[in-house]
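Sequence annotations record features per position, and here TrEMBL assigns active site, proton acceptor to Glu105. Taken from TrEMBL, the feature active site, S-methylcysteine intermediate applies to Cys356. TrEMBL lists Cys125, Cys129, Cys132 with the feature [4Fe-4S] cluster binding site. The S-adenosyl-L-methionine binding site annotation in TrEMBL covers Gly182, Glu183, Ser214, Ser236, Leu237, His238, Asn313. According to TrEMBL, the feature domain 'Radical SAM core' maps to 111-351.
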Amino acid sequence: MPQAIFKTLSVIMTNAVNLLDLDPIGLVSYCENLGEKPFRARQLQRYIHRSGISDFDAMTVLAKSLRDKLKICASIRHPAVLKDRTSADGTRKWLLDVGEGNAIETVYIPDQDRRTLCVSSQAGCAVNCYFCSTGKQGFSRNLVVGEIIGQLWMTEFALRAAHGSPFPGKRVITNVVMMGMGEPLLNFDAVLSAIRLMLDDNAYGLSRRRVIISTSGLVPMIDRLADELPVALAVSLHAPNNSLRDKLVPLNKKHPLEELMLSCSRYLRVAPRDFITFEYCMLDSINDSDECAQQLLVLTRRISCKFNLIPFNPFPESRLLCSSPERIRRFAQILIDGGVITTVRRTRGADINAACGQLVGEVHDRTRALMRRKQNIIPVLRGSPRAI
Ligand code: SAH
Ligand code: SF4
């Protein structure tokens, strides 16, 4: 190809709109700007998000003239894969390049009927929680819609291609959790656009109960989520009182626990599930005493909730240790005896560093290997729901 034509084509392709950046409303406006009717946007969306087709020539239901236009002014691009690892337990983790030296992670966690994708919302994170390796990397930038939904798009169709028949006619990914890198409520608009695609019947068709946003507790944004698109909510609590939470989750100084509990109560009025999940990272001798568990029961007494205890995943700079399995069991039992359903997260994909933020740093730490061996023997505990 002559150099000049090649250069012109490259410029057009780099400026081409990435259709993964457009949510259902955005795609309708885009098609209208091309002089097309809204139903064309739905057809296009089905090709992209239901069939995983990125070759415009293969979108034969669309008029040839539209396909030709799209070939010139649009493209479908997900972040490039830097690493792709599968664990012995079936957990699969991708490291994706989002440019300028930034990488993000996406983790697929199959578990019986549930096949969950853990999605990142930011490159790095500004909240800087005491025990989080993503926080320690600092904040680089918000991901755009195409980089968020691109994680689901790329993995769903890669998994379909790999599995072929085990899930015939079905989606591979049944649940999405916004628990990868970053604070999703600090990238509100892009996260919501991506979730609109996740929920759309002409895309992934997931129910609001099966999409979970996990937040460190941005009170005004929890209220906004309640107003705009209430999906299932997980709140990272990690401490039962303000003095400890101020240290572990610095955002607590701005939005203390009393405010956070009130926003959780408000959220429950519109939430798709009748409970909020409180995540609690188990840190040896820091937040794992019997007294902490008892304080948690008091703090959350007016809230319909479940606890998910997360064994801390050590990384070298953290200089922290995970609570012992016995301590975690005892802590869980106090919550269960207090009437709150409590589960302990099983460690998945330990052989591929599948925990949040760890493939990016590719850290090697002998304490982690020891911890993993301990964590693998923790059973999942269940209690009976507490009356509210
Ligand atoms: N920023 C959001 C979502 C991403 S983090 C949030 O904080 O909720 C997802 C969960 O992993 C959070 O509960 C977070 O506190 C927890 N987490 C972070 N680092 C961890 C570590 N090293 N070990 C165990 N859990 C960790
Ligand atoms: Fe950010 Fe969540 Fe890590 Fe805190 S735990 S630093 S909010 S990613």
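The backbone N, Cα and C atoms fix where each Cβ goes, glycine too.
Structure coloured by features recorded in TrEMBL.
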| residue | record | CB count, 10 Å |
| --- | --- | --- |
| Glu105 | active site, proton acceptor | 25 |
| Cys125 | [4Fe-4S] cluster binding site | 25 |
| Cys129 | [4Fe-4S] cluster binding site | 21 |
| Cys132 | [4Fe-4S] cluster binding site | 24 |
| Gly182 | S-adenosyl-L-methionine binding site | 30 |
| Glu183 | S-adenosyl-L-methionine binding site | 28 |
| Ser214 | S-adenosyl-L-methionine binding site | 21 |
| Ser236 | S-adenosyl-L-methionine binding site | 24 |
| Leu237 | S-adenosyl-L-methionine binding site | 29 |
| His238 | S-adenosyl-L-methionine binding site | 27 |
Students should find that the Cα atoms of Gly182 (S-adenosyl-L-methionine binding site) and Cys125 ([4Fe-4S] cluster binding site) sit apart, in Å rounded to an integer, by 5
Measure from the CA atom of Glu183 (S-adenosyl-L-methionine binding site) to the CA atom of Cys132 ([4Fe-4S] cluster binding site) and give the result in Å, rounded to a whole number.
12
Quick check: of the binding-site residues listed here (Ser214, His238, Asn313), which one has the Cα closest to that of Cys129 ([4Fe-4S] cluster binding site)?
His238
Counting across all protein chains shown, how many other Cβ atoms sit within 10 Å of the Cβ of Asn313 (S-adenosyl-L-methionine binding site)?
25
Check the domain 'Radical SAM core' (111-351) for me and report the mean pLDDT.
95
With the Cβ under 6 Å from ligand 2 as the test, give me the qualifying entries from the recorded positions Glu105, Glu183, Ser214, Leu237, His238, Asn313.
Glu183
Cα of His238 (S-adenosyl-L-methionine binding site) to Cα of the residue listed as 'active site, proton acceptor': how many Å, rounded?
23
Return the member of Cys125, Ser214, Ser236, Leu237, Asn313 nearest to Glu105 (active site, proton acceptor) in space, with distance defined Cα to Cα and candidates limited to these binding-site residues.
Cys125
Can you tell me the three-state DSSP label for Ser236 (S-adenosyl-L-methionine binding site)?
strand
